[in-house]
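Trainee: Input: one structure, supplied below.
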Amino acid sequence: MFNRGCILNRHQSTKPAYEGHIPLNWFENAILAAGSAFMSLANPRRGDMVAALAETTAGPSLPRLRDLMLESEEGRKILKERPRVNTSTVDMDQLAKYPEGTFGRAYVTWLERCGVTPDTREPVHYISDPELAYVMQRYRECHDFYHCITNLPVNVSSELAVKYFEFANLGLPMTAIAALFGPLRLRADQRTRLFAEFVPWALKCGGSAKSLITVYWEKRWDQDVGELKKELGIWDPPEVKWGKPLKEAQDAILARQKAQANGKSSGCHPGYH
């Protein structure tokens, strides 16, 4: 079985460019790309292999995304400040206090509804340029924002719809690989609906929307979601099925706010911690 530990254990003649960096030559990069592709397809839950695949196949897409960021004031600010997205850098309890309809409130509601956390993103290891490594990290940590703004949950069909959207919007090779082979995991009826309804939406919306890598999401918490979507050129996908009803997620957030007001907040919530 492929294991990236073989890369870690080799003699490294190149000094790491940043903390966590694992320098690779072209041959090692190719071997890791092939191995991570195989493992990712065999077991999509291997987040480390999915991350390695994204990094080893990124090629010229990262310099292109970096250049797009440099062309906008917002993107340049992101590259300068290099914000990170996790529960240590983002006050989730504070976001829950934002009014309904704001992006900040929508984000914590999405996390609650999906039962996920922003703390599970793999750090970048295999990209040699520190700035390009950050661009990949930024994409990785903003992935949930893309789900949130397009109003899609985290089931297989919705994840594939987001991958098609990301491919059209960002052009990362890994998203194309996922979009190509991911549908094999679906039932025939799910696959039919994916290609008939979601793929056309994803390609058209993702291709015409503003490049989402240039958006400083953390500066948009108080912005109206509808206005933000209009600014970015995003419209809703076909209707999807959610595991948790919206009302249930909203009630959970209200209960947390009430607990905070009574001084009983633990500062940690299983929905996103």
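Glycine residues also receive a Cβ, built from the backbone N, Cα and C atoms like all the rest.
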Trainee: For the Zn(2+) site, TrEMBL lists His143, Asp144, His147; sort out which one of Glu122, Glu159 goes with them.
Mentor: Glu159
Trainee: Which residue, of the binding-site residues Asp144, Glu159, has its CB surrounded by the fewest other CB atoms within 10 A?
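Mentor: Result for the binding-site residues Asp144, Glu159: minimum number of other Cβ atoms within 10 Å at Glu159.
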Trainee: I need the neighbours of the Zn(2+) site defined by His143, Asp144, His147, Glu159. Which other residues of that chain put their C-beta within 8 angstroms of the C-beta centroid, in sequence order?
Mentor: Phe145, Tyr146, Cys148, Leu152, Val154, Val162
Trainee: Taking the Cβ of each of the binding-site residues and counting other Cβ atoms inside 10 Å, which one has the highest number: His143, His147?
Mentor: His147
